[in-house]
Structures are given as C-alpha cells and as structure tokens.
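Visitor: Below are the structure tokens for one structure; questions will follow.
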Amino acid sequence: MGKSSHNDGRLFVISGPSGAGKGTICKKLLKAVDISLSTSMTTRSPRPGEVDGKDYYFVTVEEFEEKIKNDGMLEYARVFDNIYGTPKDMIIKQLEKGRDIILEIDVQGGLQVKQKMPKQAVLVFVLPPDLATLRQRIVNRGTETEDVIDKRFNEALNEIKLIGEYDYYLVNDELDDAVYDLQAIIMAERRRVPDKIMPIVREYEKGI
Ligand code: ADP
Ligand code: 5GP
C-alpha cells in the first residue's frame with residue numbers, strides 16, 4: 001500500500017444515505033478547500049449530464065472484475081444492484097505527494113478504507129435532518145425511477161446503523177452550515193500532526 005507516515009495526505013471518507021447531500025456538499029467544499037476528489041468506478045449507467053472520467057469511470061461488470069483481479073481497487077462494494085469502487089493508483093500517488101483526498105463512498109467501502117489505511121482515514125457521516133426530507137431530496141433530484149427511489153430510501157437505515165464506526169457526523173439541514181462543518185473537520189484534522197509534536201515532547205523528556 002506504499003509508504004505510510006503522518007506526512008502523507010489524509011483520506012476523508014464521506015458517507016451517508018443516498019440523497020443526504022454528500023455530492024452537493026463536496027462540490028461546494030472544493031471551492032473553499034484545497035483538496036482532491038477521488039473519481040470512483042461504477043457499473044451503473046450514467047445519468048444525463050454525467051461525464052465519464054469526471055463524475056465516475058463508467059465500466060462494464062467485466063471491466064470492473066478485471067480491475068479487482070489486478071488488485072487495482074482500494075475498496076469496492078455492491079450498492080443498489082451495481083458495483084462501485086475506488087481505483088487505487090490515483091489515491092496512492094496523491095497521498096504520497098501529501099495531498100488530502102475526499103472519497104464519497106458508501107459505508108461498506110468506508111469501513112474497508114478504515115481497515116486498510118487506519119492512519120490516513122478520517123470517516124465523516126452525513127445525515128439528513130429527518131427521513132421525510134431525505135425522501136423528498138431523492139425525489140427532487142429527479143434522477144431515479146419510483147422503485148429505485150424506494151430502494152435507496154429503504155437502504156438508508158442499513159447505512160445509518162453503522163454510524164458508530166465513523167469519526168464525525170454532520171447534519172445537512174442548511175447547506176452552507178454543512179459545508180462549513182465539513183471544512184472545520186478538515187481543518188482540525190490538518191492540525192493534528194503527531195510527527196511534529198513528538199520531537200518536542202522527547203526533547204523535554206531528555207532535558208528534565
Ligand atoms: P447524495 O450525493 O448524498 O446522494 P445529493 O448531493 O445528490 O445527495 O443531494 C440530493 C438532492 O438534495 C439534490 O437534489 C440536492 O440539490 C439536494 N440538497 C442537497 N443538500 C441540500 C440542502 N442542504 N437543502 C436542500 N436541498 C439539498
Ligand atoms: P450514485 O448512484 O447516487 O452516484 O451513488 C450511490 C452510492 O454509491 C452513493 O451513496 C455512494 O456512497 C456510493 N458510492 C459512490 N462511489 C463509491 C465507491 O467508489 N465505493 C463505494 N463503496 N461506494 C461508492
């Protein structure tokens with residue numbers, strides 16, 4: 001998995017039920033914070049307006065399986081009848097350059113990242129203000145059919161059950177507040193630099 005130290009970048013994993021507002025928050029955050037956004041790979045079909053290589057790498061099941069076989073994925077999971085995953089290459093390159101990266105992925109994927117890269121992973125869970133609002137947001141987005149809306153809404157509980165595994169959570173009620181909360185989490189994590197602190201502690205220990 002390449003070298004790993006506190007000088008590496010961090011992986012900010014953003015999860016939460018479909019429709020909670022992860023994509024909207026991250027898009028706005030990128031205008032305020034210098035951070036990279038990982039592009040996932042998926043077997044789902046593009047929505048109108050989605051661009052291959054930007055929103056996702058859209059691939060066939062066979063292409064996805066080939067990538068898994070070649071150990072090319074940091075994590076992957078089956079979500080709503082499709083496979084989604086994070087290609088490893090870009091992540092490793094960016095981390096080694098010391099860049100922080102956002103992964104907008106589901107809880108199953110988030111837990112894999114936490115297990116594989118515990119030093120770099122910071123897990124953030126996005127909640128809607130309430131379930132009626134969540135459903136309304138999935139409907140308003142206008143990208144899913146009625147049965148897919150139901151499936152996504154029903155799956156929310158399974159995601160929320162695992163919130164205890166996450167480091168932070170934020171409620172996306174007012175969009176600007178949610179963006180600000182995420183920005184504050186990133187800033188706070190960037191100030192946690194044990195590699196800088198420990199030499200000072202050791203110097204004191206020697207001197208006393
Ligand atoms: P996710 O990425 O979590 O599936 P989206 O970012 O696609 O969710 O948001 C779902 C829908 O809710 C979109 O139509 C988006 O414009 C809307 N939305 C997101 N955040 C808010 C908010 N704070 N207030 C009102 N609508 C929101
Ligand atoms: P959508 O189809 O709405 O774009 O995404 C559906 C869900 O798939 C999202 O809620 C998101 O959390 C999850 N997802 C997107 N990319 C990835 C990924 O790379 N890995 C995993 N595990 N989940 C992903």
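Heads up, the Cβ atoms here are built off N, Cα and C, so glycines get one too.
Pulled from TrEMBL, these are the listed features:
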{"type": "DOMAIN", "residues": "9-187", "note": "domain 'Guanylate kinase-like'"}
{"type": "BINDING", "residues": "Gly16, Pro17, Ser18, Gly19, Ala20, Gly21, Lys22, Gly23", "note": "ATP binding site"}
Visitor: Please state whether DSSP places Gly19 (ATP binding site) in a helix, a strand or coil.
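Guide: Once the DSSP labels are grouped into three classes, Gly19 (ATP binding site) ends up as coil.
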Visitor: Would you count the other CB atoms within 10 A of the CB of Gly23 (ATP binding site), including those on all shown protein chains?
Guide: 16
Visitor: Let's check the environment of Ala20 (ATP binding site): how many other CB atoms sit within 10 Å of its CB?
Guide: 27
Visitor: Out of the binding-site residues I have (Pro17, Ala20, Gly21, Gly23), which ones have their Cβ sitting under 6 Å from ligand 1?
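Guide: Ala20, Gly21, Gly23, by Cβ distance under 6 Å.
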Visitor: Taking the centroid of the Cβ atoms of Gly16, Pro17, Ser18, Gly19, Ala20, Gly21, Lys22, Gly23 (ATP site), which other same-chain residues have Cβ within 8 Å of it?
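Guide: My list of surrounding residues reads Val126, Pro128, Leu134, Arg137, Asn172.
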Visitor: For Lys22 (ATP binding site), write down the residues of its own chain that are at least 6 apart in sequence and whose Cβ falls under 8 Å from its Cβ; none is a fine answer.
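Guide: Those within reach of Lys22 (ATP binding site), by Cβ under 8 Å and sequence separation of 6 or more, are Ile14, Ser15, Gly16, Glu104, Val126.
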Visitor: What's the most sparsely packed of the binding-site residues Gly16, Gly19, counting other C-beta atoms within 10 A?
Guide: Gly19
Visitor: 10 Å Cβ neighbour count around Gly21 (ATP binding site)?
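Guide: Excluding its own Cβ, Gly21 (ATP binding site) sees 24 Cβ atoms within 10 Å.
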Visitor: Can you count the other CB atoms that lie within 10 A of the CB of Pro17 (ATP binding site)?
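Guide: There are 26 of them.
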Visitor: Give me the long-range Cβ neighbours of Ser18 (ATP binding site): same chain, 6+ apart, Cβ under 8 Å, in sequence order.
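Guide: Expected: Phe80, Ile138, Arg152, Phe153, Glu155, Ala156.
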